[in-house]
């Protein structure tokens, strides 16, 4: 068996090796049941135990109060861009929602919501600007909260708190009351930094995350919603996507992605065993500081994001000489550094350094960056 490479994929991303080993060991026989998790009925006692334990562990990791429902759904973050408005826009007589647009994913959220109601932009980073005397191109900065314009009668205010492609991150979420909209719940797409640092879930009405970045394999989406927001689905909302139904049946209203939920539950236990969300935050801060520190000190590479809003999870960077891009990627793969190519919409490179990426992987990347610069700089 070949050595495992360092996987910098933005998602689906690397899983903790200990989780993969446990899943492999239990593949044919889960806890003496004689069955693989993939063969279990989603309503049978074994899977009910797996699902309920995963929810309990997640609640413990996040300190969730009882008035928040936890749902394990399907469709990914992109699916939630439709499921959220179908569930929440019915809270108002005229379906409407506001959006803080800061990159690719919040742009798609805004566009999708427009199919179900009046989706307006409350703030945007779509234009170039200047911050502290530094020119910033579009999607590399975040609009100051005091510039947001939120309607008091909106069904919700949406933001993406970590833009996977652009590499910008909200470290704090505003209280809608401070924006003059106390009755407008905050909806946050936390997909690419879920469980990477403490998040003030209680400040939001609803958060969602595709698991395939920090929480597990592709196929399951975590939705956490304040219970008073359930039960307002638009008539066009499919029953399987109605949060009230999913919450009432403990994520088993229809057949859920059983194996993905099982592996996600193993990831929750791995996080608990490694210091919980605080432990993840400490490790992620160290990795990000190491990588950004090297990039900032190099004249060969450049990170385009405003320093104060850089993501700890997704680090885009460009080579000053873009004609070397192909050689860079080929050399990286030869060195066991995989999935470093940037998203097609922005080009360049991107290193996603999620929870499962150890400090040693980031150091291996930096060693390669140094060597490539030495040979081509």
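A Cβ is built for glycine as well, from the same backbone N, Cα and C atoms used for every other residue.
Among the features that Swiss-Prot reports, L-glutamate binding site is placed at 43, with the record citing sequence analysis. Remark: residue 43 (L-glutamate binding site) has 252 as non-local neighbours, by Cβ distance under 8 Å and separation of at least 6 in sequence. Secondary structure at residue 43 (L-glutamate binding site), taken from DSSP and collapsed to helix, strand or coil, is coil.
Of all Cβ atoms in the protein chains displayed, 27 besides its own lie within 10 Å of the Cβ of residue 164 (pyridoxal 5'-phosphate binding site). Residue 164 (pyridoxal 5'-phosphate binding site) falls within neither a helix nor a strand when secondary structure is assigned with DSSP, and so counts as coil. Per Swiss-Prot, pyridoxal 5'-phosphate binding site is recorded for 105, 164, 189, 212, 254, 255.
Annotation comment: Swiss-Prot describes 213 as N6-(pyridoxal phosphate)lysine. Sequence-distant neighbours of residue 213 (N6-(pyridoxal phosphate)lysine) (same chain, 6+ apart, CB under 8 A from its CB) are 10, 11, 12, 13, 164, 191, 192, 194, 313, 352, 354.
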Residue 105 (pyridoxal 5'-phosphate binding site): secondary structure state under DSSP, collapsed to three categories: helix
Sparsest Cβ surroundings (other CB atoms within 10 Å) among the binding-site residues 105, 189, 212, 254, 255: 255
Binding residues 105, 164, 189, 212, 254, 255 (pyridoxal 5'-phosphate) - maximum C-alpha distance in whole Å: 30
Three-state secondary structure, residue 189 (pyridoxal 5'-phosphate binding site) (per DSSP): strand
